[in-house]
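Q: Structure provided below as structure tokens; questions to follow.
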Amino acid sequence: MTSCLTGIDAVVHDRLLLMNQSQASTVTYFVLLGFPGPWKIQITLFSLILLVYMITLTGNMAIICAVRWNHQLHTPMYMFLANFSFLEIWYVNCTVPNMLVNFLSKTKIMSFSGCFTQFYFFFSLGTTECFFLCAMAYDRYLAICYPLHYPCIMTRKFCSTLVSLCWIIGFFGYVIPISFISQLSFCGPNIIDHFLCDVDPLIALSCTPTPVIRHIFYSISTLIIVLTSLYILGSYTLVLRAVLQVPSSDGRQKAFSTCGSHLLVVSLFYGTIMVMYVSPTSGNSVAMHKIITLIYSVVTPALNPFIYSLRNKDMKYALHRVFCGKRVMQNS
């Protein structure tokens with residue numbers, strides 16, 4: 001009798017496994033709700049975000065062209081800035097085109113593979129941005145605190161090495177946790193109340209308990225955000241102390257303008273991502289999460305070209321030449 005029951009239990013267990021596997025394989029796409037509302041609101045949001053998107057592409061492409069064409073800007077600071085602008089272009093292209101399509105679409109569907117591809121690139125590019133901001137802070141620290149040693153330390157080769165490390169570390173940081181999340185069972189529902197594939201909505205849709213994976217993901221995020229932000233703040237604290245000791249008022253003003261623009265970008269970016277990923281259980285509503293994500297993923301990349309060029313005479317001059325269709329030739 002016991003062996004018979006054991007056999008029946010084994011059959012039931014196998015059938016349950018097969019049912020779970022078939023259910024897990026039913027989710028082949030996700031529905032991104034985005035910003036639901038009447039058609040007029042959808043068109044208004046589409047127009048606004050399209051405008052911001054075009055400004056982002058134009059501004060960051062202009063910075064890349066300005067650095068490329070103006071030989072006076074072939075310095076480490078502007079090389080970092082050109083790479084940062086290139087990163088921002090990819091960052092908005094990761095989310096905005098699909099968001100714009102969903103505004104005009106009735107289905108708002110994204111495939112399973114497309115969702116996790118966006119998830120991976122969104123976090124990898126965001127992590128790369130953190131390391132680029134660190135590299136730019138380090139560059140300003142060397143230039144202002146050690147101006148005589150700066151040309152010997154920040155060589156073209158060393159600058160290229162730092163740029164490469166930012167990209168490599170950024171794109172390898174989340175490979176393992178995101179691959180683990182993609183292997184979870186998703187047996188329905190498949191509706192994501194967001195405009196992109198983010199960690200919390202995806203984990204919430206999983207049929208598998210995931211406290212360990214979620215803890216690992218947020219631990220990595222917190223570690224990267226806190227360590228890079230502390231490094232940046234420490235670097236600019238030393239820069240500020242060095243600037244206050246500069247006897248020339250013109251020198252102080254130039255240093256303040258350059259570092260002030262960097263700190264403004266850092267504040268905009270880190271202020272929003274800390275709310276999202278360092279304190280994810282802060283009790284913010286879904287709508288507030290969408291707005292915060294929209295700020296650091298769409299609005300901030302559009303503001304960066306203006307912030308970096310507003311008080312920089314060399315960049316303003318180079319951008320003027322770019323938009324006038326003229327290249328700045330190297331002075332003989």
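Placed from the backbone N, Cα and C atoms, the Cβ positions cover glycine too.
Whatever TrEMBL says is automated annotation, not expert-curated.
Note that this is a predicted model, so its numbers are computed, not measured.
Just lifted these from TrEMBL, have a look:
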TRANSMEM  43-66  transmembrane segment
DOMAIN    59-308  domain 'G-protein coupled receptors family 1 profile'
TRANSMEM  78-99  transmembrane segment
TRANSMEM  119-138  transmembrane segment
TRANSMEM  158-176  transmembrane segment
TRANSMEM  216-243  transmembrane segment
TRANSMEM  255-279  transmembrane segment
TRANSMEM  291-310  transmembrane segment
Q: Taking the transmembrane segment (78-99) as reference, which of 43-66, 255-279, 291-310 has the most Cβ pairs under 8 angstroms?
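A: Ranked by Cβ pairs under 8 Å, first place goes to 43-66.
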Q: So which of 119-138, 216-243, 255-279, 291-310 has the most C-beta pairs under 8 Å when paired with the transmembrane segment (43-66)?
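A: Out of the listed stretches, 291-310 contacts the transmembrane segment (43-66) most.
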Q: Go through 216-243, 255-279, 291-310 and flag the stretch with the largest number of C-beta pairs under 8 Å relative to the transmembrane segment (119-138).
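A: Answer, by Cβ pair count: 216-243.
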Q: Could you give the residue numbers and ranges of same-chain residues that sit at least 6 residues beyond the transmembrane segment (255-279) on either side and whose C-beta is under 8 angstroms from one of its C-beta atoms?
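A: That would be 77, 126, 129, 133, 136-137, 140, 144, 218, 221-222, 225-226, 229, 232, 236, 239-240, 243, 246, 289, 292-293, 295-296, 300, 303-304, 307-308, 310-312.
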